[in-house]
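Scroll down for the structure; my scribbles are underneath it.
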Amino acid sequence: MDDNNSDWTSYDFGNDTIPSPNEISLSHIGTRHWITLVCYGIVFLLGVPGNALVVWVTGFRMPNSVNAQWFLNLAIADLLCCLSLPILMVPLAQDQHWPFGALACKLFSGIFYMMMYCSVLLLVVISLDRFLLVTKPVWCQNNRQPRQARILCFIIWILGLLGSSPYFAHMEIQHHSETKTVCTGSYSSLGHAWAITIIRSFLFFLLPFLIICISHWKVYHMTSSGRRQRDKSSRTLRVILALVLGFFLCWTPLHIVDLLILVSDQPSERFEVNLNLAHVLTLCLAYINSCLNPLLYVCLGRGFKENLISSLRSVLHFASEAPTHGPSMTTNSKSTTDGVFREKPV
């Protein structure tokens, strides 16, 4: 159960309620709590411009291609996820008090996890696509088209919506006092909470992680098998390690903490405070993955940095010239972005 602002550890089980870490004042956390807010702010400041830049380059400064569709949708999902941070930081700075009402509680929680799930699924699709480019090059040349990529991206958004449906359905506000309202998840039984946690961890973490690892390992193995390719194998290995470690390190702690929350039935007050802090910090790590994606999946791609610089120069050139020079700038810019994403694996 993931939520940085709402208490996903407080489930309504009829007459039995798991103690809520949010019922313990965050003033006990002190400096660490504000450090967490600073971390969230840094993620916002890095993730928003980074992903917005990728959206701009892939959506407006390069030709339509399969890779462009992958990275455009990935950047949109990560951008929307990062844009939600300021709203979700408000309760964190107010002792978990949710001031936005019941509808916003459901919408912000559900949409946030929808974006995260779409991001994970897109990483899987990118890995499988690179695997097919290496193992089935002829098939990809005949069947790999931007139209199919757009359809698959649409399906991914639908799957992300379905995966986040428990958050839309079970998030609600609870009044802890006259001045404090908490956005929390309410379930009918502990078994129900366990089922959702296990299914989510398998479908949106364990299975994607295995697919990403196997796909990239196969890509590395095949691209380094020939003598002419060995010079590039070390760079390929570095990129693959960055991709796999980035995904693993950003997502594993969150799922471990989620399981600890369910296992710890009646923890001590000190343990509850530490567990709540750990949950917030591991959510920050998951957010960091949204910052790393543009760097790992785009900036390490062939030709992206050169074409990004070229596009920025074109914009500056356009801004400094008269409007009559606009068409020539557009034509030149178009020609410089043809190689942003080559239809080959890294």
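For all residues, glycine too, the Cβ spot is worked out from N, Cα and C.
Swiss-Prot lists N4 (among others) with the feature N-linked glycosylation site.
The annotation N-linked glycosylation site is assigned in Swiss-Prot to N15 (among others).
Swiss-Prot lists 34-60 (among others) with the feature transmembrane segment, giving similarity to another entry as the kind of evidence.
Residues or ranges marked as topological domain 'Cytoplasmic' in Swiss-Prot: 61-65 (among others). Taking DSSP states H, G and I as helix and E and B as strand, the topological domain 'Cytoplasmic' (61-65) has 0 helix, 0 strand, 5 coil.
Positions annotated as transmembrane segment by Swiss-Prot, on the basis of similarity to another entry: 66-89 (among others).
Swiss-Prot lists C105-C183 with the feature disulfide bond, giving sequence analysis as the kind of evidence.
Per Swiss-Prot, transmembrane segment is recorded for 107-128 (among others), and the stated evidence type is similarity to another entry. Within its own chain, the transmembrane segment (107-128) is flanked in space by residues 2-3, 5-6, 70-71, 73-74, 77-78, 80-81, 84, 87-88, 100, 152-153, 156-157, 159-161, 163-165, 167-168, 171, 183, 204-205, 208, 211-212, 215-216, 243, 247, 251, 286, 289-290, 293, 297, which lie at least six positions past its ends and keep a Cβ under 8 Å from the stretch.
Summarising the annotation, Swiss-Prot assigns topological domain 'Cytoplasmic' to 129-149 (among others) and lists a curator's inference as the type of evidence.
Away from its own ends, the transmembrane segment (150-170) comes close to residues 3, 69-70, 73, 77, 106-107, 109-115, 117-118, 121-122, 125, 185-187, 196, 200, 203-204 of its chain (Cβ-Cβ under 8 Å, at least six residues beyond either end). Here Swiss-Prot flags 150-170 (among others) as transmembrane segment.
Annotation source Swiss-Prot lists transmembrane segment at 195-220 (among others). Long-range contacts of the transmembrane segment (195-220) within its own chain (CB-CB distance under 8 A, at least 6 residues past either end) are made by residues 1, 116-117, 120-121, 123-124, 127-128, 130-131, 134-135, 163, 166, 187, 233, 236-237, 240, 243-244, 247-248, 251-252, 255, 258-259, 262, 345-346.
Positions annotated as topological domain 'Cytoplasmic' by Swiss-Prot: 221-238 (among others).
The feature transmembrane segment is assigned by Swiss-Prot to 239-261 (among others).
Listed as Cβ neighbours of the transmembrane segment (280-300) (distance under 8 Å, sequence separation of 6 or more from its ends, same chain) are residues 2-4, 36, 39-40, 43, 46-47, 50-51, 53-54, 57-58, 71, 74-75, 78, 81-82, 85, 92, 116, 119, 123, 126, 239, 242-243, 246-247, 249-251, 253-254, 256-257, 346. The annotation transmembrane segment is assigned in Swiss-Prot to 280-300 (among others) on the grounds of similarity to another entry.
Sequence annotations record features per position, and here Swiss-Prot assigns topological domain 'Cytoplasmic' to 301-346 (among others).
Per Swiss-Prot, the feature region 'Disordered' maps to 323-346.
Residues annotated as compositional bias 'Polar residues' in Swiss-Prot: 327-338.
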Mind checking how the topological domain 'Cytoplasmic' (129-149) divides into helix, strand and coil residues in DSSP?
18 helix, 0 strand, 3 coil
Per DSSP, three-state class assigned to C105 (disulfide bond):
helix
10 Å Cβ neighbour count around C183 (disulfide bond)?
28
Taking the Cβ of C105 (disulfide bond) as centre, how many other Cβ atoms lie within 10 Å?
25
